[in-house]
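Everything on this sheet refers to the single structure shown next.
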Amino acid sequence: MVTHRRKGGSGPPQKPPPRIVDRSSFDADKKKIKVEKLYHKANNPDNDWPFSFGSVFKMLLSIRISGAIWGIINDCDEVYNYWEPLHLFLYGEGFQTWEYSPVYAIRSYFYIYLHYIPASLFANLFGDTKIVVFTLIRLTIGLFCLLGEYYAFDAICKKINIATGRFFILFSIFSSGMFLASTAFVPSSFCMAITFYILGAYLNENWTAGIFCVAFSTMVGWPFSAVLGLPIVADMLLLKGLRIRFILTSLVIGLCIGGVQVITDSHYFGKTVLAPLNIFLYNVVSGPGPSLYGEEPLSFYIKNLFNNWNIVIFAAPFGFPLSLAYFTKVWMSQDRNVALYQRFAPIILLAVTTAAWLLIFGSQAHKEERFLFPIYPFIAFFAALALDATNRLCLKKLGMDNILSILFILCFAILSASRTYSIHNNYGSHVEIYRSLNAELTNRTNFKNFHDPIRVCVGKEWHRFPSSFFIPQTVSDGKKVEMRFIQSEFRGLLPKPFLKSDKLVEVTRHIPTEMNNLNQEEISRYVDLDSCDYVVDVDMPQSDREPDFRKMEDNWKPVDSLPFIDVSKSTGFHGLLRAFYVPFLSAKHNVMTTCTLYRKSNL
């Protein structure tokens, strides 16, 4: 046995000195100091104060829960192309759009099936309480987005700096656009959530995860989101020289995801289907294209971005130049070689990607709010860069960085809250009225004089139907409940009920009649008003094909009535008082009508 003795002595063995600091912890801290961030050299560590995981998670969770419960559904595509097929998977019935006809097959059942996995668990736990199942699915979507937000936030703190990460997560938390998009059941929202993961993986140089996220977003979500993989592709191929790794990883991941998707979709459609290719061909190459569903000027996106991001949208365009200015200032003493500017490459590539997305979708005639969802993470990121770089370039010298940053975020949060409340106040009743319908059908005990099945009808408000999750399967006496359409001024193609069958694949493989991809009206979709037991309508003056139920008191009586904005008469201050809630002024200048649930008077 070897002992340690004093040099030149024969005394007792020396004990090692007490360990005050754990060596592994010290080594980890040492390594941490050596990490260079965007603006921080090795000898100048980023000692800014960070948000803790707990505080970020709690803030995000509270907002995403609120969005799942109170966020409206502002896109009929979400209902009829996603909620209704999911309802079919869970309860055996729902509405079918032409996109799910095996003739066209431009939607993916694999995407629906991913949501069916947690949804089936909720349905088993809560039985026929379908609104609870609906809310829990939205919350699950929100949680998936939440984890991506935190992953991106953590990567920004590690690779850019803590202040930028802090601003980024605050913008993401308070954004009214994120409030709605984070719990929406549409592929563009799915791609938006994955963009957070892409951003985090890219900054962390986790190439395999980044490629997987881009591939999954592109193939399962929306094929156009392949654009979001531009930074990873350019960095790996042009800057890092990882060509073989990129090609092999992309092939393996693409074949795995594509294989599972093709097998799943082909099973449900009854023929070989690659849905991402079909939707690309329809929109870009051979199909009639989305312009059948309306065209908007470029100002549509400008207004939309302002409504959803208010003052942040003015800061975001300056994120790249201001960040570049401060980066150059910090590193100007170094040799300006290619390696130095490669450190700034992620900012350049992310800026190019954002600009490319805006250019592609801004140039399309058909524009929708959800088309911008996938770049929401980049908007928050570049606005955070702009605010942080402004502080570093000039405000710190004036001693005003903290004050102005707090004021900026406070102003953003107030405007976002104003926008979110305005949306709920003006349009929220189209969901709440169906909660009233659900309560009416669930609590009522006498349905003797009702039709069998009991029929709920909608006319001009067909596009605001929140899905069959709000319609009970049966009532107390066992009668089924169904929703149908009555004629309105709308002249396009409405969805039709899926085929009724005990076997799901028989339903999904069935080729429905009276379907087309030209948005041409099919009269067979309509039922006679006399066959309806309930009607949900927004009360407006009568037109040729739209009755005013308020004046039909002998036949229809209101069960519940909730305020709903009359957009055509609420144009004060160019619609700003409709877009944002301003105490007293919004109530003064906006004109409200009512969204009403009517029941036949003799029932």
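Residue 1 is the first one shown; counting continues down the chain.
Backbone N, Cα and C define each Cβ position, glycine as well.
According to Swiss-Prot, the feature N-linked glycosylation site maps to Asn443. All protein chains considered, the CB of Asn443 (N-linked glycosylation site) has 9 other CB atoms within 10 Å.
The feature region 'Disordered' is assigned by Swiss-Prot to 1-25.
According to Swiss-Prot, the feature topological domain 'Lumenal' maps to 1-108 (among others).
Predicted-model confidence for the topological domain 'Lumenal' (152-166) is 96, expressed as mean pLDDT. Annotation source Swiss-Prot lists topological domain 'Lumenal' at 152-166 (among others).
For 188-195 (among others), the entry in Swiss-Prot reads topological domain 'Cytoplasmic', with the evidence type a curator's inference.
Sequence-distant contacts of the topological domain 'Cytoplasmic' (240-245) (same chain, at least 6 residues past either end, Cβ-Cβ under 8 Å): 207. Summarising the annotation, Swiss-Prot assigns topological domain 'Cytoplasmic' to 240-245 (among others).
As annotated by Swiss-Prot, topological domain 'Lumenal' applies to 267-310 (among others), with the evidence given as a curator's inference. Residues 102, 104-110, 171, 175-177, 180, 218-219, 222-224, 258, 261, 316, 358, 361-362, 364-367, 369, 372, 379, 383, 412, 415-416, 419, 492, 504-505, 508-509, 517-519, 579-580 of the same chain lie 6 or more positions beyond the ends of the topological domain 'Lumenal' (267-310) yet place their CB under 8 Å from a CB of it.
Per Swiss-Prot, topological domain 'Cytoplasmic' is recorded for 332-343 (among others).
The topological domain 'Lumenal' annotation in Swiss-Prot covers 365-370 (among others) and is backed by a curator's inference.
The topological domain 'Cytoplasmic' annotation in Swiss-Prot covers 392-397 (among others).
What Swiss-Prot records for 419-603 (among others) is topological domain 'Lumenal', and it gives a curator's inference as the kind of evidence.
With a cut-off of 8 Å between Cβ atoms, the residues of this chain six or more beyond the transmembrane segment (109-129) that come close are 82, 85-86, 89-91, 136-137, 140-141, 185, 187, 190, 220-221, 260-261, 264-265, 268-269, 275, 472-474, 508. Annotation source Swiss-Prot lists transmembrane segment at 109-129 (among others).
Taken from Swiss-Prot, the feature transmembrane segment covers 131-151 (among others).
Annotation source Swiss-Prot lists transmembrane segment at 167-187 (among others), citing sequence analysis.
According to Swiss-Prot, the feature transmembrane segment maps to 196-216 (among others).
Annotation source Swiss-Prot lists transmembrane segment at 219-239 (among others).
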### Query
Which numbers of helix, strand and coil residues does DSSP report for the topological domain 'Cytoplasmic' (392-397)?
6 helix, 0 strand, 0 coil
### Query
Most CB pairs under 8 Å with the transmembrane segment (344-364): which of 131-151, 167-187, 219-239, 311-331, 398-418?
219-239
### Query
Where, among 167-187, 246-266, 398-418, do we find the most CB pairs under 8 A to the transmembrane segment (196-216)?
246-266
### Message
Within the same chain, where does the transmembrane segment (398-418) have neighbours whose Cβ lies under 8 angstroms from its own Cβ atoms, ignoring anything closer than 6 residues to its ends? I mean 6 or more beyond.
### Response
167, 170-171, 174-176, 179, 310-312, 315, 387, 391-392, 580-582
### Query
Given pairs 6 or more apart, does the transmembrane segment (371-391) have at least three Cβ pairs under 8 Å with the transmembrane segment (167-187)?
yes
### Query
Which of the three DSSP states, helix, strand or coil, fits Asn443 (N-linked glycosylation site)?
helix
#### Entry: Stretch with greatest number of CB pairs under 8 Å, the transmembrane segment (131-151) reference, 167-187, 246-266, 311-331 candidates
167-187
#### Entry: Sequence-remote partners of the transmembrane segment (167-187) [C-beta within less than 8 Å, at least six residues beyond its ends]
51, 56, 59-60, 63-64, 66-68, 71-75, 77-78, 81-83, 86, 111, 115, 137-139, 141-142, 145-146, 149-150, 152-153, 156, 193, 221-222, 307-310, 312, 370, 373, 376-377, 379-381, 383-384, 387-388, 405, 409, 412-413, 416-417, 419-420, 423
## Note on the structure
Tertiary contacts of the topological domain 'Lumenal' (365-370), defined by C-beta under 8 angstroms and 6+ residue spacing from its ends, are 74-75, 77, 181, 184, 186, 188-189, 289-291, 293-296, 300-301, 304, 308
